[in-house]
Every structure is written in C-alpha cells, then in structure tokens.
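First the structure, in the form of structure tokens, and then the observations on it.
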Amino acid sequence: MSDGQWVCLSSEEFDQLQKYSEYSSKKIKDVLAEFNEGGSLKQYDPHKPISYDVFKLFMRAYLEVDLPQPLSTNLFLAFSQKPRQETPDHPKEGASSSEPNVSDSNAESTAKADAACAPDTESKPIKTQVPSEELEAAAPWGEPNAPASSSDAPIVYLKDVVCYLSLMETGRPQDKLEFMFRLYDSDENELLDQAELDQIVSQMLHVAQYLEWDPTELRPILKEMLQGMDYNKDGFVSLEEWVSGGMTTIPLLVLLGMDDSASKGDGRHAWTLKHFKKPTYCNFCHIMLMGVRKQGLCCIYCKYAVHQRCVSNSIPGCVKTYSKAKRSGEVMQHAWVEGNSSVKCDRCHKSIKCYQSVTARHCVWCRMTFHRKCELSTACDGGELKDHILLPTSIYPVTRDRQAGKSDSGAAAKGELVMQYKIIPSPGTHPLLVLVNPKSGGRQGERILQKFHYLLNPKQVFNLDKGGPTPGLNFFQDTPDFRVLACGGDGTVGWILDCIDKANFTKHPPVAVLPLGTGNDLARCLRWGGGYEGGSLTKILKEIEQSPLVMLDRWYLEVMPREEVENGDQVPYNIMNNYFSIGVDASIAHRFHVMREKHPEKFNSRMKNKLWYFEFGTSETFAATCKKLHDHIELECDGVEVDLSNIFLEGIAILNIPSMYGGTNLWGETKKNRAVIRESRKSVTDPKELKCCVQDLSDQLLEVVGLEGAMEMGQIYTGLKSAGRRLAQCSSVTIRTKKLLPMQVDGEPWMQPPCMIKITHKNQAPMMMGPPQKSSFFSLRRKSRSKD
C-alpha cells in the first residue's frame, strides 16, 4: 500500500463525532448551500479537492463549533491520501515529478476517490498526526481555481466527506438514498455508473465498520443489491432503480437508520443490528449467529433474530399491535416466537436450552415460555405487566367519518392517510404512555426506547424526537385512567407537563419519571433517583403500579425587561417546576453550559461534570463576579420588600423543591420538634419563624434562600454546611434588577439585562412517587446518633 494509507478513527473518536453532530442544528444540505453565491464558502469549488484549512471551515459550518485538533486531524486523514506515484516501483515520497491531474482525468479521479474512501480492512488501522508544515503545503488545494500539482499535500474529496456525514444524520432512508445519488451524479444526467456506485458503497462500509458491522457479510449483500438494481444491464443505475433497490435491502435500511414509526403494528419488523451476549440461533435457518462483533439482525418488537443473508427470505411477519375492527367478546391470543429462550418452562419448570429452537417458544405479550408439549390455553392476559400494557384487542381504528374530522392537516395536505385509533383498555388496568427522549443520557435514551418497544405495545411508546409529546398525548386523548412515564431529564419532564396542560384533559394524567443523564433534581425529590443506571425496567414498571400520588406546584415565570435596555439572551422557560436563581450559582451554571455547548465530548460522565463544576466554582470564588448583589437587586415577597442591605450575598435562589445541583438541599432540613405546618400562605421573613418552616413541593409556597458565595455553595454541596441563609417563605416573588446578571430556571442558564421578574402560582400537576428507599444499617446508626 502507498503512503496514503487509510487512517481509521478510534471508536472513542467516532462516538465523539456523533455527539458533535447531535448537538448541531445544521444539516449537510444546509452547509452545501454555503458554497453557492452569497455563502460563507462561496470562494471554494466543492467539486475540487480541498485543503485541511477549508476542511476545518466546512466542519465548523456543519457542527457550529471547532473540532478538537486530534479529532479534526484524524478525520481529515480518514478521507485524504497523498497523490500516488505513476510508477509503482517508486514508493518513496516525492520520487516522481509526473503526477496525474486529479481535476482533468475522470477515470484517475475516480480511482483516487475510491482509494480515499475504501478502508483497508486487512491492515492494522493507523493513527497519524498531520505535521503543521504538511498542512500548510496542502493550502493551494483549497484555492478556488487552484490547479493540481505534484505536491505531497493530502487530498480530500468533499463528496466523500458529505456522503459519510449524511449517513450519520437522522432522517428517512429514502431521503438519504436520493441525497447520495444526487451527490455523486456530478453530470446531473440522472444516472450513476459503476465507479460512482462503488464510491457510495465504500462510504457505507466505512460507517458500518465504526458501527461494529462485519463488512465481510455486508459487502456481498451490497454487491448483490447493485447487480439487482441495473435491470436492463447497461451498466448504469437510474434514481428510481437506486431508491427502489435500496428500500428493499433490509441490512442497508438498518445502516441508513430504518424509520420504525410507520411499521408499528402493520406486521413489518423493525430491525436493528445486535451483538448477542449468549448463544443465539437464526429463527429462519436455525444456524447459530456467529461473529465477534454484531452477529445478526434482531426485531426490536418481537426479538425475531436472523442472519443478514436470511432477512430477505420469506420470514414470518411481526406481531400486530391493534385489531382491524372492534369485536365484542374478542379474546386475546398468544403471539408466539420460536427459540432463543434460555429460561425455564412456565408449566413443567424444566430448563429450556437455547438450541431447542423448534421445541420451545415464548409469547411476545405476556412473556410466558413453554415447551411445545407443555402449552396450555391459547388465551393471553398480558402477563405481569398487564396493568400497563395495551393489548392489540384494546386498540382498533375509528370509522372513516370520525377520522376525517380529526385528520392531521399537515399530513392531509401531503395526501397521506392518517389513521386514528380508539382505545378501550381492559377493565381495572392503567395503560402507560411512555415518552422517551433519545438524546438524554448520551445513547441511554435510544436503548431505553428499544427496550420499552419490546416490553409494552410499540404503539404506546413514543420517541420525543418525532413530534414531541403531542402525538402520544393525542393517541391517549380519550383513554380513561392512563398514566405517563417521562424518560429523560428535568427539562423533558417540564416539556411533557406543558404539553399536558395544553391538551386540556378532563383528568390530568399522573406522571412518573425515569431519570436519564445527570442532575435530575425533580426525579430525586420524587424518589426515582438521580439517574437510571441499567436496572430492570420490568421492576420499575411494577413499582409504578404501586406508586402514591403527590401534587407538584408549578409557577409562572414572567420576565419583563426595561424598554431602554438592549435585548439579552432568550429566557429558556416561562414555567418553573424546580427552582429559579440569580447570581453566583447561575454564573457557574452559565459557564458550564457555554463550555458544554462548545466541547460536548468533555461532559460525557457524571464525574467529569462534577470536576468541571468544581473548576468553575473555584474560579468564581476568586473572580466574585456577583459580589454586593444587594446593590443591584430589589426583592419582594408577597408585596413585602425584604431588606438585603445588611446581608452580603452573591446569589439568591427561589425554591419549589428540596433539591438543587443534583441533590443539594439549600433550604436545609427542619427538625421535627420545630416543624410547623402552616395553614396560611402569608409571607414569613422573621429568622426565628423561618427555622420552623417546612419545605413541601405541594404547599403552594416558595422558599427564598441567600448564598454568600461560591465557597458556601461548595460547602453545602459537600455536606460541610447544612444549608444557605433562609430569607423568606411566600406565595409570590418579585425581583427588580439594575444590571446584567446571570440567571437560571430549572438548570437552564442565561444572561439577563435589567428587568423585573414575577413568580406566581400556576397550577398543580399529579406526580407519581417512587418507592421509599430501604434503610441500611449505617443510615440507621446515623439517625440514632442525630437523635442523641
């Protein structure tokens, strides 16, 4: 191989690149428009090789931030190679002076691009740093009309980079296929030749390797697909042939990101590539799925597993998730899937071996597993999750007249048929609407989404990336006694509560929380913990069945800037569920937020987040950007002004719940012998009375706490100090500011010019409490010591 050997990104770098693309609001199509007249990259020709400097400009326009130097360099090298020598007998750099012109020779250009985008699967991946002088030498390649030269500068073809990045984006597979077709159809004749098709497939194999696919099995599938596309055998593929062939190749659809929203319940499988932790057999050919990486395809709805080569055969359809018509007295039947059930038979209680693929099967709905000879009744009741699950017999389409009255205007404008459903749950059950934010907790949300698709009816599980909470709430609009499970952070919970308010339910559905990511102060107060750590989801669903209800106060946050000041940042929320703060803690949160937006790869764990908070808190201690806060704000509680002149504060927090900064209680605990439950909602500002005031998230009262500085915050966070300074307990708060100050609401910070802020009660939302924490021996000893 020549000097221009493929440079592979490490798995960590690939994950890092994916996180950057998730944070970006731009699409590849948006960035390509920058090469047109009036764009920021108009001086460069996208059809010619580009330099490292132009590559960085392109990536910055796409990701909206600068990539770290090592990642940027390795990604550039992943698409570049030095111009090859004409004579293979001269492998030495710079030995030949006659280098082919990459922009004049179409065949040689294709060969170079093919070499640049074809990974060397036989050789060990190398990680190389591009020397600064070599990158400087590459600059002429990025000039608008720079001719090709014999320089040793690396060459990057923009279309290869664009094709690669488009595969990582979310979107419909058919749109990605059409985009890649037009990207490589440089002569715009609506045809692709064999060399252009090979370049596209090479990029697909490149991305597939990073996703831990086995290219030795995928490559022949893609080659067979290309051969089948050319129906008239003329060596060219039209757009129609390309899209129709791609849409019928299941492994390719999985690679492109199969859209499962349209296949919920119509009998089509939703495939995902999977690495099986235990021996698993193909449900079609009954041969074990082999491989050290991802071994085969598995349906996320029914767990039907097949080889990639077997998926195109006539395999049984997926489970139906609804009934075609309402039938009185209809009994739900088991939906069987054979094999791969290494558990005990639910009748004879004898172990079922994984290789007994034809002698045992399990029901998709109730999870009962039997030997064939042990099967009992064919009726299915939903199993241990029957209180949550919507069986197919509980869902059926409504009449066409009603559907026409409720059809979605957007879909109707496109000529699409929008099917509406009626839900009649089984008596005594409480169907669960699951709303999952796939972006919460890194990739944790995506895994949770797939697990719930299997545990429950896929129709009752919704991806918040696809339309937000509204589609799920509309689906359950007339369903009695349903519950909601919000899977995400505190921001996701607030988003769902806002949409529930707008849905105008006759009865507000109770909401449980499965916390993902970091922080999760509301979930902590509701006893659901600080973050999901991979436990049994079935256990969590069983806990929701027994959950008691508590009412959560929600508050209006009205920010009214002064007319004479310039506009500041946009206020994140106008509803407060957890807390509002101004001053030192908001300053730290704002710096943390800005840094995370710029470098998301540095904030991928809870420990790293805590270290960053410690660093920003330490620097804030010395900077003291919010000192003498009392000179710049006025505080009123229930219309009574609070005197701050004799109190040296750097921050003020308005609390609705007893948790902030990921579990810190700024108000502090109130001793039981002093605790007084207040019947009136008059403002309390007397220090002696405040010692007896109890904090409660459903008392329609706010707690106002003062912070002396970043040092005090650190002491409270680490437990060296019990709480901040209690200033008031009241039912409304008004704050007037006189200068630009950092603020935050429910963990979302912003910079606010002088303004007036009013916080008033909005309503109460029913929330579900988690199970009480089990007391350990050490916690009991601590309690006994505190009593003494």
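Cβ atoms here come from the backbone N, Cα and C positions, even for glycine.
Per Swiss-Prot, these features apply:
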type	residues	note
BINDING	Asp185, Asp187, Asn189, Glu196	Ca(2+) 1 binding site
BINDING	Asp230, Asn232, Asp234, Glu241	Ca(2+) 2 binding site
COMPBIAS	83-93	compositional bias 'Basic and acidic residues'
COMPBIAS	95-109	compositional bias 'Polar residues'
DOMAIN	172-207	domain 'EF-hand 1'
DOMAIN	217-252	domain 'EF-hand 2'
REGION	83-150	region 'Disordered'
REGION	768-788	region 'Disordered'
Beyond the site residues Asp230, Asn232, Asp234, Glu241: chain residues whose C-beta lies within 8 Å of the centroid, for Ca(2+) 2: Met229, Tyr231, Lys233, Gly235, Phe236, Val237, Ser238
Neighbouring C-beta atoms (10 Å sphere around the C-beta of Asp230 (Ca(2+) 2 binding site)): 18
Residues of the parent chain within Cβ reach of the domain 'EF-hand 2' (217-252), under 8 Å, 6 or more residues beyond its termini: 173-174, 177-178, 181-182, 185, 190-194, 197, 201, 204-205, 208, 271, 273, 291, 297, 307-309, 311-312
Pairwise Cα distance for Asn189 (Ca(2+) 1 binding site)/Asp230 (Ca(2+) 2 binding site) [Å, integer]: 16
For the domain 'EF-hand 2' (217-252), residues assigned helix / strand / coil by DSSP: 25 helix, 2 strand, 9 coil
Pairwise Cα distance for Asp187 (Ca(2+) 1 binding site)/Glu241 (Ca(2+) 2 binding site) [Å, integer]: 18
Sparsest-packed among the binding-site residues, when each Cβ's other Cβ atoms within 10 Å are tallied, from Asp185, Asp187, Glu241: Asp187
Whole-number Å value for how far Glu196 (Ca(2+) 1 binding site) lies from Asp234 (Ca(2+) 2 binding site) (Cα to Cα): 15
Per-state residue totals over the domain 'EF-hand 1' (172-207) - DSSP helix, strand, coil: 26 helix, 2 strand, 8 coil
Neighbour tally for Asp234 (Ca(2+) 2 binding site), based on other Cβ positions within 10 Å of its Cβ: 8
